[in-house]
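Engineer: The annotation domain 'Septum formation inhibitor MinC N-terminal' is assigned in TrEMBL to 15-86. Annotated region 'Disordered' per TrEMBL: 112-159, in sequence order. The domain 'Septum formation inhibitor MinC C-terminal' annotation in TrEMBL covers 167-263.
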Amino acid sequence: MATTPEDDGCSSPPLELKGRMATLTVVRVQTTDLDALVSALEQKLQEAPNLLKGAPMLIELADGVTERDIGLQRLVVLMREMGVVPVAVRGAGVDEGVARAVGLGILGAEAESPRRVSQAPGNQREPSHDKQAVPSAADGHKAAEPSAAGSGSEEADHNRRGLAPRVIDHPVRSGQQVYARGRDIIVLGAVGTGAEILADGDVHIYGALRGRALAGVQGDTQARIFCTSLDAELVSVAGNYQVSERFEADVRGKPAQISLDESGSLRIEPFGKSI
């Protein structure tokens, strides 16, 4: 006979429901040409297979694009065949019945910025990088966009000025995720492959960065990443990201700082170099 927690004298419930922040790769659909969209996504997967294969993805329909225009059911099937995992969809053109029929959740208007990895051909924008926990351009990619490049950044910076940074005094190992909400984060040790460090403010890593580091995840374009040895899987500032395959040789394995330049493009430089 199966026992229950009560039978064993255990007071723990069988499950818990918790609200947790998790990063998602956002595929922003800006064309009704399904073939062009699939081709663009395949190219992104070829550029960073270790990062994107098996990754959960949010399908985001741009204004004027509906699930009927692109054939949402077909898109989901093709994405799964590519080895990625579409988990939800959002946008004004979403048909709730169709989305649920293909096993997708439905998200409302963007409240936080997941990582955006693919802008479909059509109304593609020039580099102007992403936001939180979320990319676009040849070298840097954008996630969820800050609502306004200026005001959002200023508000985020103001909100974190009075908060002490979160300090992690041990290495962060594979599979671990550490988030500093509303403040900077300082890691006194290495960040292992498969680990993820996120902060609304700056990210400081006094050790080797081999996992992922995301600064300004709520859209602070003034945020920066500093590390004593850059060998990251991915770095991102305000949603604009770059994967390791695109790092220049002069920053690999060396102290580096990552920020956005005046045009909003991701900039990776040896630490100490004047900007």
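Glycine residues also receive a Cβ, built from the backbone N, Cα and C atoms like all the rest.
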Engineer: What average pLDDT is reported by the model for the domain 'Septum formation inhibitor MinC N-terminal' (15-86)?
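Structural biologist: Result for the domain 'Septum formation inhibitor MinC N-terminal' (15-86): average pLDDT 86.
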Engineer: Count the residues of the domain 'Septum formation inhibitor MinC C-terminal' (167-263) that DSSP assigns to helix (H, G, I), to strand (E, B) and to coil, and report the three numbers in that order.
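Structural biologist: Once the DSSP states are binned, the domain 'Septum formation inhibitor MinC C-terminal' (167-263) shows 3 helix, 46 strand, 48 coil.
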Engineer: Taking helix as H, G and I and strand as E and B in DSSP, count the residues of the domain 'Septum formation inhibitor MinC N-terminal' (15-86) in helix, strand and coil.
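Structural biologist: DSSP classes over the domain 'Septum formation inhibitor MinC N-terminal' (15-86) add up to 33 helix, 13 strand, 26 coil.
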